[in-house]
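> Please find one structure pasted underneath; my questions will follow.
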């Protein structure tokens, strides 16, 4: 493997690992805020128990999210020194503001966890609100840098690479920033909600006391409503992001759809794979005119195909599959949340039935699936930009380190991520086994 | 004053603040390990401080990196290329330390093992962090500007590295002992206070000896630095004076009550001791970030970026200050937190 591929694999692994914890770090605080609000409004102590237990889980996840985020942040300079040199000049602003969001989150997280018993209720709510705010702000600010890589703006560059006429705020608010940042935040909320729904559904699979069942049903219902709303909004925002691709990164959209010839009335290819030999999508379902309509709002919108661009700047063909997986998972989960809520309304609430096992099992899978959707989305976003690190400004090869020591370090970090993953699961299960809901309920209700 | 100098002054401030808080943070982790089951509760006190604060200290480390990339992008390029191995090791131990520290609060059985792992990483991280100083003095980097590599063999066989590490570790333990002595006194635990005061009395002179040896053994490649340090000697004399006053205050009688030593006073003077010496060292290091290829002028960012960063620092600081104040009240002052058992 050459250094560039190794650097990509290394950084991709770090990011893929961090994203799990970062996404839950954005999603779960929102659920805690909602539970705290319901508790304060309704006075139902079950929600206070939920908030407390989720905070415990969140604190453990944060123990990995913070160091893994530190790793990613610093590895940017270690693995992509050429990239960070331009970043420092043009787009360091969001990075720096992100630090303040990070501080805000860390401050109020400590206050919420270690000083809750000394605070009046309204201040607990304020603290957990700031935790959630800091988390989502961090995600949005980091996305600003990523979107700038996709649609760079706010500077000029001479042929020799000298950068001049830098406008930091234009770089920040680059063309794809708002759309992508919104998508990132909403899908994180969606994933956090499905993660909670997964656990609640899993708990409902076993026989439990009426009190506990009611507790888990409350958690399930609350998370499903959030998950449904967020899935719906994320579908809309994903659609908007695709339109931005059409406008600003046409190669990426063409590769995502396996479209080679520029055309009006372009078809949407669902499924299948892009065959590199025949240069077409095989075994996919084609919906005529749909791509033109999705990209530009009219059937006669011209969509650029890959032949429009020099071959050496084509993204890899597998991004078609990644794109399909991301969209497919999103659609599936939206449908699932919708079905479960309908089932709830018509059969559970009105006819007093219980949820069938298969539906609960599908819900158990929803959290991990949603997380996979996030992973596919990020890999799509970053591989779809290849061969560029900064679109049409800097190639990935130019950005990468020339250091030859990557192999051993990569192995070391793979080991680290494996150990941390296993430990996180062990610690969470051990903790919640020793502190079951019944114990918390006894404490609260006496 | 030029923009470059303002930027490096801000960087020094961040580095200085982090080196103090980092020392206290990593040192507390070390003492928490050593006094895990100590009868004086000295370990418990160290942990009580560490639990709510380590995240903030870690955030400060990220701030250092981000500020450096923003102010001196070319410096990020050079150090990013050169420091791949040592910084990766720092990240590795940092991840282990943070994770195990958090995990140790959730499990009962393995708490001791987890304390040990996080405590030992807490010693290794600062040792690696301080390696940036000898590297930046020159002599350990080979290759041309476009492709530089760190001479790891030469670095690890050079006495100057180990003297820096020795200086760093003794300082870490000295500062954290002083801090925990003060924290114990605020917590009204005179037994733990005596223990940490005793450690500080032992460590104080050791830091001085280590500093002296570090300066004496600066390798000939870095002769430029020795010359410059001589020109800045006033800062080091003032720093020494601050040390002597701080150290003497460990024997001053307590105000109004029986007892010996004024830990708060000692701590503040010790911080200013390190501040004065850091300033002198920084002035001597100018204009180089990494000798001899990289100066603050070559590494500097775009002017418009610099000014927008400055504005955001002011805004950010204004927003965060009330948060820090509340935090301080809750965890460093509130008797209900400090005197729980």
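Including glycine, each Cβ sits where the backbone N, Cα and C put it.
Residues annotated as transmembrane segment in TrEMBL: B:6-35, B:56-73, B:79-103, B:115-141, B:161-180, B:200-219, B:234-253, B:265-286, B:306-328.
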> Could you tell me whether the transmembrane segment (B:6-35) and the transmembrane segment (B:265-286) are in contact, taking contact to mean 3+ Cβ pairs under 8 Å with a sequence separation of 6 or more?
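Contact criterion met.
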> Under an 8 Å Cβ to Cβ limit, what residues of the same chain, 6 or more beyond the ends of the transmembrane segment (B:6-35), are close to it?
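Cβ under 8 Å, 6 or more out: 42-43, 46-47, 49-50, 53-54, 56-57, 60-61, 63-64, 67-68, 71-72, 97, 101, 115-116, 118-123, 125-126, 129, 171-173, 175-177, 179-180, 195-196, 271, 274-275, 278-279, 282, 286, 296, 300-301, 306, 310, 313.
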> How about long-range neighbours of the transmembrane segment (B:306-328): same chain, 6 or more residues beyond its ends, C-beta under 8 Å?
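Tertiary neighbours of the transmembrane segment (B:306-328) are 3, 6-7, 10, 52, 56, 70-71, 300.
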